[in-house]
Structures are given as C-alpha cells and as structure tokens.
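Feature annotations, courtesy of TrEMBL:
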COMPBIAS  1-14  compositional bias 'Basic and acidic residues'
REGION    1-32  region 'Disordered'
BINDING   Gly135, Val136, Asn137, Gly138, Ser139, Gly140, Lys141, Thr142, Asp217, Thr218, Ala219, Gly220, Arg221  GTP binding site
DOMAIN    302-315  domain 'SRP54-type proteins GTP-binding'
Amino acid sequence: MAFWRSEKKSDKESSQPTSSADDGGSGGLLSRMRGGLQKTRRVLNTDIRDLFKSEGSLVDDALLEQLFARLVRTDMGGGPAAKIRDEIAKQYRGRVVQLDEILQTIADQTRQMLEQEHTDIQTADQPPTVILVVGVNGSGKTTSIGKLANHFHQSGKKVVLGAGDTFRAAAVEQLVIWSQRIGCDIVTGKPQADPASVAYQTVQQAIETNADIAIIDTAGRLQTQSNLMQELQKIRTVIGKKLEAAPHEVLLVLDATAGQNAISQAKGFSEAAGCTGIVLAKLDGSAKGGVVLPIREQFGLPVKFVGLGEGIDDLVKFDPAAFAEGLFS
Ligand SMILES: Nc1nc2c(ncn2[C@@H]2O[C@H](COP(=O)(O)OP(=O)(O)OP(=O)(O)O)[C@@H](O)[C@H]2O)c(=O)[nH]1
Ligand SMILES: [Mg+2]
C-alpha cells in the first residue's frame, strides 16, 4: 500500500480557474451548459424548428404527434415526451402558435420535470466525507474524480484520492497524474490488490491526516456482472466498518453518449451499489442529452454534476433551469 503526498504545484501552475460548479444560476453556468448541450440542442431545435412555419403553425393532432416523435429522438423517453406534448396540447390546441412560445413551454416543462432536492454532495457531520465512484467501463469515472477533487481542493478542502481500480496499472497511474495536477494526496495499492483494502486504507488515511474528503475510484464493470457488483458491496461494507455512515455518497458516472443504455446501467447500479447520485459525463459529446429526463423520472436519483469536456474545470453542478434553457433556448 502506498500513500503519496503530492507536492502542491506553484501558485502559477495550480492557478486553474476554479471549477464552475459554484456558478449556480450565473450567466457563466448557463453559457457552459449551452455549450455542453450544443449537439443535443442542434438536433432538437432543427427538428422542432422544421415543424413551424415563420407565420406560426396550427397545433393539431398531426403537429402534436410530430412534436412527440422529435422529442423522443433526444432519448428523453416516451414518458417525458408525452408529458410535454400533453401540456402543449392543453395550452395551444386549435391555435396558430409561434415556435418561440412552444420552446418556452417545453423548456418550462423540462425544468419542472428535472427539479430535484439534494443536489449538493452530502457531507459527513464530522469529516472526512467519503465518496465512492462507480460505473461501467470508460464512462468517465476517473476523469470526473479528477475534476471533482480539483473542485473541492480549489474551495479549500483537503482531499485524499483512493486508486481503487487496481485491475489495471494504467488506471492507478491516471489517478496519480490527476493527484499531481491538483496537488492532493492519493492512496494506491499494489497491482491486483483487493480494491476493498485500498478503499479501507484511503479512509484510514483521510482520518489520520484530517482530510475533509476522500474520493475512491473503482474499476469499470457491467451492471450484469454479479461477482463484480458483489465486489462493490464489499467495498461499501469495508468503508462502513472503518467509518460509520460512510460512504456518504456513491456516485454513479454515466456516459451521456450512451443515451437509453445509460438507463439500464442506472437501474443495475442503483440496485446493487446503493447509488446516491449521478454524474452525467460527456454531455458535450452527446446528442442524447435528453436522457437526463428518464433518469430522473425512473430512478429519483439526483443528477449532481455534469461533465462538459475533458479539462480539469469541465464539471458543473447540474442545474435544471440552466439545463432546460440550454437545451431549448
Ligand atoms: N468530452 C468529454 N470526454 C470525457 C468526459 N469525461 C471523461 N471523458 C473522456 O472519456 C474517456 C474515459 O474516461 P475515464 O475517466 O478514463 O473513464 P473511466 O470510467 O474511469 O474508465 P475505466 O476506468 O476504463 O472504466 C477519457 O478519454 C476521458 O478524457 C467529458 O465530460 N467530456
Ligand atoms: Mg477509470
């Protein structure tokens, strides 16, 4: 078991612009969310725009049906798309309406469907707060951990990372590089070490060094691999033995480009790993950003952060209003 204490880089090197996760409601957040949702918005707006003539269009059954089909294409799912269609029908049926009015109503409906409580990371009454990060292979776990750790570090918190993906040496190296960039501590195990033992050591290290936050990486796994899902349960149990009430968060990282597939992942993981929140990574690379709606609708799990790129600052707190506006404005 190795414990590395990274030297903090010089102020010049480490003076990354702080994470925008605190931009809540500001123009900065909205413009970043708009940027991240560009691909989804392009598909959606082109699709919906096509339905409306410049002088406006009559809202009748044919238009409502077309609208429904086009909303479904963003992977928002039949339930949310039907809800939006029904609201448009309720407000506008039989009237000639301009595109802007419809878009505003769709955005309002979307925001309402996405509204959620507990968007902040749940912190422990007494530090450290322990966050376990899980998800399928390549969904964006390690990168999201790097960005999240940077966010906490920038806001003055002492962070310890745990390289719980002991499956591949490269996975450990990837997290070590993040810790060096950020200037935070990291606990690593020997190759092929039991990930639960790395998790245990990480929590122990966080306690001993009076850290505020421990964030533990895990190897990617499929929600259908029962042995690997049991391994996650073991990691959770071991963490809980070291520190009561931990882990305080189990974040499921979903790849937004997976669209509807992300939903079956969310189901499997939330049942087996007891997830408490979602990080939706790679929203910038996806035309299927609408997938947030069925995730919220079906799992009741809060979406806490979204990934908007590969950079250290490309993680923002999920904000339903900014999301809805970014998608439809
Ligand atoms: N564009 C974009 N790329 C991202 C984002 N998050 C992660 N990536 C990229 O996605 C790829 C996989 O990211 P990782 O963080 O290694 O994913 P992982 O879940 O840890 O992967 P495994 O450990 O192999 O399961 C990398 O090339 C990342 O740079 C994001 O928000 N936007
Ligand atoms: Mg990884």
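Every residue, even glycine, has its Cβ placed from backbone N, Cα and C.
Unlike curated entries, TrEMBL annotations are predicted automatically.
Overlay of TrEMBL annotations on the structure.
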residue	record	Cβ within 10 Å
Gly135	GTP binding site	28
Asn137	GTP binding site	11
Ser139	GTP binding site	26
Lys141	GTP binding site	27
Asp217	GTP binding site	29
Ala219	GTP binding site	18
Arg221	GTP binding site	21
Among Gly135, Val136, Asn137, Gly138, Ser139, Gly140, Lys141, Thr142, Asp217, Thr218, Ala219, Gly220, Arg221, which the record lists as binding GTP, how far apart in Å are the two most distant Cα atoms?
13
Compute the mean position of the Cβ atoms of Gly135, Val136, Asn137, Gly138, Ser139, Gly140, Lys141, Thr142, Asp217, Thr218, Ala219, Gly220, Arg221, which form the recorded GTP site, and then list in sequence order the other residues of that chain whose Cβ is within 8 Å of it.
Val133, Val134, Asp165, Val253
Could you check which of the binding-site residues Ser139, Lys141, Arg221 have their CB within less than 6 A of ligand 1?
Ser139, Lys141
List the binding-site residues Asn137, Lys141, Ala219, Arg221 whose Cβ sits under 6 Å from any atom of ligand 2, in sequence order.
Lys141
Going by DSSP assignments with H, G and I as helix and E and B as strand, what are the residue counts for the domain 'SRP54-type proteins GTP-binding' (302-315)?
0 helix, 6 strand, 8 coil
What mean pLDDT score does the domain 'SRP54-type proteins GTP-binding' (302-315) have in the model?
94
